[in-house]
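See structure below.
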Amino acid sequence: MGDFFRKVVKNYINGEWVESKSTNIEPVYNPATGEVIANVPLSTAEELNHAVKVADAAFQEWKEVPVPRRARIMFKYQQLLVEHWDELAKLITIENGKNFTEAHGEVLRGIECVEFAAGAPTLMMGEQLPSIATGLESGVYRYPIGVIGGITPFNFPMMVPCWMFPMALATGNTFVLKPSERTPLLANRLAELVEEAGFPKGVFNIVHGAHNVVNGILDHEKIAAISFVGSQPVAEYVYKRGTDNLKRVQALAGAKNHSIVLSDANIDNAATQILNAAFGSAGERCMACAVVAVEDSIADEFIEALVQKANDIQIGNGLDEGVFLGPVIRDAHKERTLQYIEKGEEEGATLIRDGRLDEAAKENGYFVGPTIFDNVTCEMKIWEDEIFAPVLSISRVKNLEEAVELANKSRFANGACIFTKDGGSVRTFRETIDAGMLGVNIGVPAPMAFFPFSGWKDSFYGDLHANGKDGLNFYTRKKVLTGRWV
Ligand code: NAD
């Protein structure tokens, strides 16, 4: 992997690795050590325009390639990702900070998307009705839409791009990816493997940068559709500007996910699952558990189990054996998290585990230990805002109804979980909670690639979600033929 850490990461355009002419360069850090591991260019408008032009030219040929042949290249890509699994996971840990086991899991989530996309021949089949009237028939045919722009966040450098480009490519589109400027390295490795798999030049391109490149994607007349994943304000902006330019846009946004623990729950399981969901990936998951509403009668017992488990968490560099909690992504993000912890205290929540006091929090990397607040109310900022760090809020409630009412006050509605043994409670929860992805006795109910990633409210802007048949429909358009054979 040594030579992979190029001084300034290159763009990948038309099957060539090209140096950006931009003089605007940002450092890329290993968040576990604070070391600069690469530099990323904020590419110019000309570079983006060139990539889109190339992708548009490639589209004219790629869309004509028979679907099974496109699928075969996708199978080869899957094979290469499997062969390079450990290496990809290591790279994720180095640039993102999550522990190696979690990074390994992220690679699997990416591979699953590629596997789903390799089913394109079946997925792209249309529907026919041989007789809509006497001697008259109708059928639906599915086609790609053109050049897709993909804009991705730092927290899943592999999985999130894989939500997008495998399905887009398998269905015959071409792609321009703008990865997070904080985690650009894994994206380039994905592109090297794209090349090795045999995708033609220009079908998949990468232009590194930040908001200017995003604006270029949003405004470019040759970009047909935009897949965005990132924070709420940017998702809303991307959705508004993209649709204003009459593009198809799906924008997956921020979250503040709630878990409900009822008095009949298996407390040990609930504490273990919630611990993983709140502090795994340093809380930097759009499906992280951020708030727990626990029934009064078992609150003390549950909190004791949770704090005990949190005390056992090993904090450090995610490449080290046994480490569970890695750093947050940047120093500024650590500072912002510490401000939220202070804010929580000011607001009157009870700080029952203070992650500022963990030894690792004094090291060079951007570490914050597991932090837990009790007696949090929905008027508090720590309840309302997405902190995106290992900070968990607990609210004590009378019953399920109060818990659901509380959770539904959030503007976000990505995921929600319930811990109970009672089927009736699960049904009430399912029918009344405002959230798109639900879990029962599990902490992170992230759907697999063949189901849609289904956030609601301010956690999603658009109609068709990422993945599953939604993903297929987002990247394709249909023709309906009605005919009489005379
Ligand atoms: P971010 O919004 O800062 O960045 C996402 C992308 O948008 C990056 O490529 C970035 O360069 C670009 N960007 C940032 N600011 C911009 C601006 N002002 N104008 C135009 N483009 C801009 O998000 P992040 O911090 O990288 O990722 C974390 C966020 O992503 C969290 O809020 C998390 O919940 C969310 N997320 C959501 C999902 C989901 O499925 N809903 C999945 C993963 C992450």
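Cβ atoms are placed via backbone N, Cα and C, with glycine included.
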Candidate sharing the NAD(+) site with K178, E181, R182, E386 (per TrEMBL), from F154, F156, F419, F429: F154
Three-state secondary structure, K178 (NAD(+) binding site) (per DSSP): strand
Candidate with sparsest Cβ neighbourhood (10 Å radius) among E181, E386, the listed binding-site residues: E181
Within the predicted model, mean pLDDT of the domain 'Aldehyde dehydrogenase' (17-480): 98
Span of F154, K178, E181, R182, E386 around NAD(+) - largest C-alpha separation, Å: 24
Whole-number Å value for how far C286 (active site, nucleophile) lies from E181 (NAD(+) binding site) (Cα to Cα): 18
